[in-house]
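Engineer: My questions all concern the structure below.
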Ligand code: GLA
Ligand code: ZN
């Protein structure tokens, strides 16, 4: 293949030189137990027993660190960190900005967030401060400076856990001004802004910057370019606040890595932009296991997220939080069934995590999280099922040090952009009762997951050239440059797969005027003339053409969205069965240069279609699979490699026992060192790590 590819390093250094093994531990809140010094001593004994080597500490400790304005109290934290150091336990030290002390809200109400309705919140909860407030920023600088001065050389500290789960937005006057400044920097003139936002519509033209406001239900919501820019601004302003937080940390302790704990497919922040300024990605995973007989749906969703977080920096990430047993904020707090703790923890490792961490170490005695899963339950000792699961996983991780820093060799990628997501959901039509963008992305991912195809989740500004297969689900917002990059990718020998509702608008949410799919029309050899939104009960079907070049056959159900396309040089592989567009193309392929560009014009509902389709695409494009064997439904395999060895994590999410025939004579079980021959038997929630030479 003539395509150039940028080689990725195969093995990364440990996240901290102080702890060159898998990090295993939890969020730790000793400030809730300062009245009972016995607890700290007991915690240390139990941490060692649980094979825990790291804790995230101080996340919500502002009131204990600065009980009164300007009065600091660090002795308790000194004691905890010193005790850690004496006992071989390390710490991600948090900045406490995720929640403020009451004295601060009382004295400086401007630190409190203003909602869309322009009403300021009362003190309470957490994660609800204004990101722009000069007072809050000043308080954060003072606190973070003190922490960095006091602890950055502490032997127990491995890095900074900056704030907690950034998110949300504020509509206060400071934020409105910051939004206007952001727009001035972006557009330079009101004329340019009015053009980009198409404000002549409904006479929405702005004639002074002061007229521009954040979107509000009782104000402006209909200017899509404005809504999109507000989302971009909120994301940028949050990142700006983070940069402000780390300024003293980086100045005083440039050697310590900074992380922020992210959330699964979080809507409000463009994590790809955020990733540029954090040193190591970490995230918090709370799957709802055991809702159905098979956990394959939930398992693949979390696999997708792990892949996304790994792809953000293309290097190992951290599982910062996960529950050791139940999650108390979910509609139903179901316990992890036997095996699931190991399976779900090692799933993160399989996808590139170099840590397994929990929320939380010890259950709090009161308040809203007292029933959330923890390593140590209210009973206070180690003789619990959950503790045993955790300790046993700690032992497993300790035996897997050779996997640390290895990468996931992905030759397939799925395109997923935040601004596309925001724009797609904001659009009115073609299906306001459910456009199901994320579900569409997941339909593609799930098929690759079932096939055991390691996959990166990338953005429009990433390099496509290292991949053999690029999947582009519903790229509604598609820039001209991205289209050109995709064209080059195909010409150079890549396989491109694009779905309906792609190439509709540009980066300002203005429609492409050259016929949809806009910048991809030539590459795909199709023109999408119209799109039909279907009612929930409407059905159509895709009939695959006899002898089509993919060798697919049969009829598959279609629902929700049907685009009417014309093949302009592309070959038709399948057509509609029903309605006035029966016989018109649904699936096409265009050969361009050395590659192929496929287009799917309608939402096929059946997973079996995607499995058959991706099975062929992967085979044709020569895309690497973890195991070259048929995997039972709900069983997947994910590889990590150091270039010399591959570690294949075979995971059973099917909810029943499964047998996997191996694709070569023998492997080594990476946990036991024993030879594995012919096939493996996986119990319900079973996982095996197979090692082989590359
Ligand atoms: C989030 C937070 C934690 C805790 C957990 C509970 O991820 O970061 O502080 O509230 O949820 O699941
Ligand atoms: Zn604000």
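We count from 1, first residue shown onward.
From the backbone N, Cα and C atoms, a Cβ is placed for every residue, glycine too.
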Engineer: Record says 126, 329 bind substrate. Source is TrEMBL. Which of 144, 164, 305 does it list for that same site?
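Structural biologist: Candidate in the recorded substrate site: 164.
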Engineer: Relative to the Cβ position of residue 175 (Zn(2+) binding site), how many further Cβ atoms are located within 10 Å?
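Structural biologist: Taking all protein chains shown, residue 175 (Zn(2+) binding site) has 21 Cβ neighbours within 10 Å.
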Engineer: When you look at 126, 164, 329, which the record names as binding substrate, what is the longest CA to CA distance in angstrom?
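Structural biologist: That value is 17 Å for the farthest Cα pair.
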Engineer: Which residues, in sequence order, are found in the same chain with Cβ within 8 Å of the centroid defined by the Cβ atoms of 130, 170, 172, 175 at the Zn(2+) site, excluding those residues themselves?
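Structural biologist: Near the Zn(2+) site, the remaining chain residues are 113, 114, 131, 132, 133, 169, 171, 173, 174.
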Engineer: Other than 126, 164, 329, which residues of the chain come within 8 Å of the substrate site, judged by Cβ distance to the Cβ centroid of those residues?
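Structural biologist: Going along the sequence, the neighbours appear as 98, 127, 165.
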Engineer: Tell me which residues of the chain lie with their Cβ under 8 angstroms from that of residue 126 (substrate binding site), as long as they are six or more apart in sequence?
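Structural biologist: The answer is 60, 98, 99, 164.
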Engineer: Who sits close to residue 329 (substrate binding site): which same-chain residues at least 6 apart have their Cβ under 8 Å from its Cβ?
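Structural biologist: Same-chain residues close to residue 329 (substrate binding site) (Cβ under 8 Å, separated by 6 or more) are 372.
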